[in-house]
Structure formats: structure tokens, C-alpha cells
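Features as listed in Swiss-Prot:
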type	residues	note
MOTIF	11-21	motif ''HIGH' region'
COMPBIAS	113-133	compositional bias 'Basic and acidic residues'
REGION	113-136	region 'Disordered'
MOTIF	240-244	motif ''KMSKS' region'
BINDING	LYS243	ATP binding site
Amino acid sequence: MSKPVITRFAPSPTGYLHIGGARTALFNWLYAKHCGGKMLLRIEDTDRERSTEAATAAILDGLTWLGLDWDGEAISQFERAPRHREVAEELVANGKAYYCYASPEELEEMREKARAEGRPPRYDGRWRDRDPSEAPAGVKPVIRIKAPRDGETVVHDAVQGDVRFPNKDLDDFIILRSDGTPTYMHAVVVDDHDMGVTHIIRGGDHLTNAARQTIIYNAMGWDVPQMSHISLIHGADGAKLSKRHGALGVDAYRAMGYLPAALRNYLVRLGWSHGDDEIMSTEQMIEWFDVKDINKGAARFDFQKLEAINGLYMRSSDDQALFDALVAVLPEIEGGKELAEALDDKGRAQLLLAMPGLKERAKTLVELADGAKFIFASRPLALDEKAASLLNDEGRAVLKPVYPVLEAVGEWTAESLDAAIRAHAEAEGLKLGKIAQPLRAALTGRATSPGVFDVLVVLGREESLARIGDQIG
């Protein structure tokens, strides 16, 4: 019987959860779910100078917001240092690693010699077979792995295929420093083995590490997990992803008003696809996702595509769910604090009532919040440039007779208001747009908004008439 699939996401807490890391987490999560397995979380916090608790919290928060739940407690790599030392010492005892007493001066000499000979710098193995009794007094050694010198190390990769590394290029690298702390290369292998990880899905920049890690697995006689190294994300112009392309933290995407489900949908298609399907539910992603279908080539990040997908998700969202998502993100978006303060019971009811019209015109929650500002605007309304041009003398003249028409409407519903304005337009020989445009400007201070009859209903009779009255004098 085959082992249950266990994947892991192993970020370093030196900053936010960036978009590449979020995609890696998503792929690990989906594959674990697809196989009925588990995704574990390990915080690779061995770099004590750069690792921070705030960064760890930001990563956990980002994963939670994205809906990527992990199994069990998050594991701290730093706290496992005694186990890493134990395995390094075991490798020495078994003749698979050795103590190296080479001084910094000797190592620099090796580097200089390699440079002079046009070779990449490599440790020359001078302590590989020496008797430790020859060790200089008072020098704390490092532990180096005894890497094979002949042949090649092959990484069997589900995405990249078999990748071969000549062993002459892989020197006896350090697994334990002289202060007793493990190197990243060593700690990762010990942790993945002890956690029972069966499948490693990570960025292609780790492919060279995979060769060295395979050497440690083989030295310990452990099974090597199935590796999948995914190509990095590039910008739309094909260059390496940078902040201008979208290499931001997940928290930034949240503050820009993207929905987690939409971001998941966009990220899953960066390097993986299922036929021509663009929009897919989480259940479909889980059913369809397989590492063998991940593309070798680099994916390109496209903000416009993300916006389009987010807009689709917003339009298909339940009004209450979208309202809740907006309220949750208000503290983080520009102008959101003022909007949040205006949300008393009446304001909440108005915003929910406006949601069907607002979501049709917004691609992000930020745009949704901006579109909703008219509800809470103070009188007299500040007019934007286009609204002011619509409320010129001609616009006000068109609007003046509309006031008594609206005042006389019995039932304040979109249908009744529509019928009354259309009848007035017909009687005056005007097209509906000729009335709707200055009316919208008077009600919202803008030239664009949800449907003008929906706006009248959301504002209510009293506020609507008052705003029109402000403009016609």
C-alpha cells in the first residue's frame, strides 16, 4: 500500500508572504487535497538575524486569508536544531561525513587558486580522509558531507524531468557549522524526512539544492521525496518578477481589494491549466490538479487578467458575502476608515441595497468602496469635473421640472420612478439619457454610478429630493 501523500510549505519569515510563495503554497495545498493527503507548514527561521515574529504572523495571516489551511501545528525549524546536530553526528559516525578543521585563511587560499585557474571555487576535501587526531588545538570544526566524487547525482523531477548534476561540481559541502548550527541544506532534509514529507513542490530556484539534498538523503539511507520544481513567475514583459510587475505580499493584494477566491483562481493558472477552463471552483481545482500537468515554462503575471477574474468573482458573489468582504477590508484600503465610520444601521442597509448595482461596475473591493461613497456623501455634494459639466445651466433647466415629478411619485420603487421619469421624458420630447445624466450628477456628484433609479431607491425619497434641490436652487 502506498504512503499517504504529505506535502509541505516552508517559507522563511524574513518578510511578507509574496505572490510566488502564495502560488507554491496553493500548489502544495491542492495536490495534498487532490490525493486525500496533508499539507504541513514549516517556518524556516534558522536565520535569526532576519527572521521576525511579525513576518511569521504575516505569513500565517496570508495563508489563512487565502483559505489555505495546513494540517497540525506550524513547525519551527530553529527549534529542531538539536535533531539536526544529532543527524550530522550520525553521518560522521557512519563514515558519511567528517570533521573539517580548515581555517578561513586556507579556504580563501582555495578560492584564490580556483579563480586563478578559472575554476568555480570548491572545497578541496583536505580533511576528508585525515585522522581527526591531526586536528589543530582549540579549533572548532565544521561537519562536511562526503559527497560522491565520480558519476552524477540525478534529481527525478515530476515537472523538469530527470536533471543530472556531475558529482565533480558538488563538493563536500558543510552540513553543520562550527557553532553547532545546521546549514539550510541539511536542516531541510532532516525536517522533511522527520515530517514524513512524500512530495516537495517548490520554486525552480531550489533545483540545484535538490542535488545536494539528494546526497544527504542517500547518505542517511532515506527515501528521497518526489520533487517538483516549478518555474518562477515573470512579469508580463518576460522579465523576472519585480514589485512593478506584482511581486507584492498577499497583504497588498488584500488591500488592493482582491477576493481570496479570485486570487486563488488566478494563481492556480500561473503554470498549470485544465484545458481552456479559466474560471474554476475550489472543488474543481482540487479534482483536476496534478503536478504532472504543471508547465515547465515560466508563467507571466498579468494584472489586467487578475482584475478581470476578480471582477467576474465579484459579479457572481452573493450580495451579503460581498458586503461582508468589503466591511472586513475597509480598515486596510484608502478612504476605507471614513466609510467604515459611516456604517450605522441605516448605512449598512443602504450599502447592502446598493450592492447589486455597485458590483456590476467594480473590478475590486477598492472600486466597490469608491462607488459606494455617494451614499454617505455630505450635502451639498462636491461635484467632480464631469458632474459639474452635466449640471451646467442646460442641465439644471432639464432637472428643475423633474423635482415635482419625483415628489409626486407614490411608491418609491425603481419601477415607479422609472415609469414616472420615462413619462416625463416623453411628454417633454427628451431622450431618457438627457434627464438621467444631470439627475445622476445631482444625486452622486459623479457622471458614473449604478442605475439612476437604483440610486434614488438607495438614497430614499427625502435625501434624493434634498440633493436635487441643492442643485436647482
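From the backbone N, Cα and C atoms, a Cβ is placed for every residue, glycine too.
Small disclaimer: the values here were computed from a predicted structure and weren't measured.
Tertiary neighbourhood of the motif ''HIGH' region' (11-21): same-chain residues 43-45, 47, 50-53, 55-56, 58-59, 62-63, 203, 232-233, 241, 246-253, 267, 301, selected by CB-CB distance under 8 Å and a gap of 6+ residues from either end. Taken together, the residues of the motif ''HIGH' region' (11-21) have an average pLDDT of 89. Helix, strand and coil content of the region 'Disordered' (113-136), in residues and according to DSSP, is 7 helix, 0 strand, 17 coil.
Taking H, G and I as helix, E and B as strand and the rest as coil, DSSP gives the motif ''HIGH' region' (11-21) the counts 3 helix, 1 strand, 7 coil.
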